[in-house]
Amino acid sequence: TLLSRYDSVFELGLFPRQNRMLNSEEADRKRPRVDQGGNSAQSLPGRYQEAIVCPPMAVKKVMQHLAEIQAQSRCVVHVGGGGGSNNNNGNQQQDSSQGITVLKLATNTQGCLDDCRNRIHEYISAVLSTHKGDLPDGYERRTLTIPESSVGSVVGPRGAVIRAIQRDSGAKLDIAPRQERTSGGDQELALVGGTDQVAAAVWMVHDVMEGHYNVDAALLQQEQDRRAKSMAVGGQGRGGYAGRHADPSIQEKRVIYVPVEHVGNLVGPKGAVLRALQLDSGAKVDMEPAPAAGSENARDPRALTISGMSPQVASGYDMAMSVLDGTYDIGRAVERAGGMVRLTGFLFAGTVTMMVWLLIILIAQPEERSRLRSSND
């Protein structure tokens, strides 16, 4: 199909890349130069820029998450009015009387700009999905019919796929919960968002149904988003998750669903990485056993369970995520875990030796006492 021949919707031409790579002379003319402390109404510095008109009913929701959006996408967002006229310097004058809020995005890479745009549209679409009445211009509702056999694939493990589609497209997707679905037959998937965002989400859903969507990437992204959100609202300490869950009196358990391709990194040679995670965090870390070879579940994600007191679980979770992110020093972990195994073996051997000597002494003592008594007699 047409969809299977493209890596992303941007390559289909729906989202034309307006900012081509420039040579140095063009870049000097194009890139805005703003002196420190200059007028905030001027263009923001950054080669890749875009403006989004935020519907009035979604402004509050976007503002609540604006700091999180900027931090996670590495994109600066300036909030201003719109609909005004230009002054003599070419700068747009804000016209708050028309109630228009314009979000001006500026960053250094196309990827960061795409990420920021999608995050903003995701919050806008979430608000519009519950809006009664007509949608603002440029936004639409659409319904897709999903065959019963594909519903599980579209939702994904623990909702990972449908959330990833929302994140990557900026549209809001809703499907009836499992307990409310009709038994048998097709299911309806409701999409709400900007026209371009809904179109992108439709193509991604078709990719899922045709087997061209990377579910493992969606699972990893889900865990990374969860960790980033914990760190954004967390306190001090070892990561945001640790800051929020630092009560040493609470017993806790956390589960991470690990794609099959990453299980080996988390387990390590002969379980060395798992042992290192346990030693460093103090939590109990268990990987779900592998299914039987050739079974239908052979490619399913495996559950990594981290249990213990709350601070220990927080620390173990951060370390496990660093392994998935590729920032954990696996070689050093293997070396330390191997050293602990050798130390444990040495201590065990020493303990056995001491017990043997004690046993010999205990056995020899009665014989020595009887020998002394016989010599005294």
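Quick reminder: no glycine exception, Cβ is built from N, Cα and C everywhere.
Taken straight from TrEMBL:
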- 138-210: domain 'K Homology' (DOMAIN)
- 250-325: domain 'K Homology' (DOMAIN)
- 23-43: region 'Disordered' (REGION)
- 343-364: transmembrane segment (TRANSMEM)
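In the domain 'K Homology' (250-325), the DSSP tally of helix, strand and coil residues is 37 helix, 20 strand, 19 coil. Mean pLDDT, taken over the domain 'K Homology' (250-325), works out to 83 on the 0 to 100 scale.
With DSSP classes pooled into helix, strand and coil, the tally for the domain 'K Homology' (138-210) is 39 helix, 20 strand, 14 coil.
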